[in-house]
Amino acid sequence: MAKYDNQKQLKCSFCGKTQDQVKRLVAGPGVYICDECIELCQEIINEEFEEDMDMGIGELPKPKEIKEFLDQYVIGQEKAKKALAVAVYNHYKRINSRIKPDDVELQKSNILLLGPTGSGKTLLAQTLAKLLNVPFAIADATSLTEAGYVGEDVENILLKLIQAADYDIEKAEKGIIYIDEIDKIARKSENPSITRDVSGEGVQQALLKILEGTIANVPPQGGRKHPHQEFIQIDTTNILFICGGAFEGIEKIIESRIGKKSLGFGAEVQSRKEKDLSEILSHIMPQDLLKFGMIPEFIGRVPIVVTLDPLSKDDLVRILTEPKNALTKQYEKLFELDGVKLEFDKKALGLIADMALERKTGARGLRAILEEIMLDVMYEIPSSDNIEKCIITEETVLKKAPPTLVYSDAQKAKKKIKKTESVS
């Protein structure tokens, strides 16, 4: 408390009240502040902090807006996009809401994406993070092992997210983590074994806490944890985990369950070939995942299951041409920088889609196929003069003929003059 000076009565530099009008007067270099002004300043700071907390990730887009954004980058998968849009909206709405302790508790809902290789699982997760402007990290479940064994600890997944957020922990705590190949950590058999399953059930057990929400200790340099190192602490309660996997063979499990129920007098039994794979996957239930090898506790922490359809030829052609960052648009831009217009004819695009289907790589394999086709073209074109247009035809894709080249008027005139001279 500031000492009283008989010659000059002390006053608060903010409100002007004298020392005898307030409980406390704190002195600084040439200034004074009373307890009432300190309390008022504290209230202002608290209000601003609460406003910042309310803002969360900014203005949260509605489910329809989320789906419209996904439509720009992801072709097909309408049902999956709708389900993801609702799930993500509800997740971030839960984070942004200020719920009283005695109110209804909104539980966290992580997502499981189930679909064939190259159907768009990773792209969906990446695009969501891009729209919401939150940190995003991808982890491969196959590299994870239970603590104490050779491989990565599950906490290293969180380190990737922290790095994506430039070590801003508060920002990372609202990020998205995509765990790929989650089906590869399925339990090796339905019956518990004497030998420890360190890369299967053990990893599922290790993931449980971070999926549900916990204060995790993350080694700043990655690698294994040891007692004498410092840790980064991160709360995983509001991190959205999206797990993806092909779950090859799960359709047989679903079929056997549905088949048994449908059997009876006059029941029509269809063979697997007659059934559509996407239709079978749409009937997935938690018990099917359990039989596949996922443990009950893991299934409980990933309650939203979204199935993706296998991509058709038409889907692959659309993927090549329609999205904002479509592969053909990327090649067109590269050629445009050399002053050449690039075109793909419809038959060529159809053939590229057929090749991807044959390789069973889905949309992921399109880039590799295009690189094979375009290598010689991209090698020759920059060194050739006066080329106006390059057309990739069906024969080019089959490597039976080079692309059709259209030359500029100046080059055509030059060729015409040479031809006339040779005739004369």
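Glycine is treated like the rest: Cβ placed from N, Cα and C.
Under the heading Zn(2+) binding site, Swiss-Prot lists Cys12, Cys15, Cys34, Cys37, citing sequence analysis as support. The feature ATP binding site is assigned by Swiss-Prot to Pro116, Thr117, Gly118, Ser119, Gly120, Lys121, Thr122, Leu123. The domain 'ClpX-type ZB' annotation in Swiss-Prot covers 1-53.
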Among Thr117, Ser119, Gly120, which are recorded as binding-site residues, the nearest neighbour of Cys15 (Zn(2+) binding site) by Cα: Gly120
Cys12, Cys15, Cys34, Thr117, Gly120 as binding-site residues, winner by CB count within 10 A: Gly120
The domain 'ClpX-type ZB' (1-53) [mean pLDDT, rounded to integer]: 76
Largest tally of Cβ atoms lying within 10 Å of a Cβ, found at which of the binding-site residues Ser119, Thr122: Ser119
Cα-Cα distance linking Cys12 (Zn(2+) binding site) and Gly118 (ATP binding site), given in Å to the nearest integer: 69
Cβ packing number for Pro116 (ATP binding site), 10 Å threshold: 20
Count of other CB atoms lying within 10 Å of the CB belonging to Lys121 (ATP binding site): 27
Other CB atoms within 10 A, centred on Leu123 (ATP binding site): 19
Cβ-Cβ neighbours of Gly118 (ATP binding site) (radius 10 Å): 22
C-beta crowding around Cys37 (Zn(2+) binding site), within 10 angstroms: 18
Residues flanking the ATP site, with Cβ no more than 8 Å from the Cβ centroid of Pro116, Thr117, Gly118, Ser119, Gly120, Lys121, Thr122, Leu123 and excluding those residues themselves: Gly115, Gly244, Leu308, Gly362, Ala363, Arg364
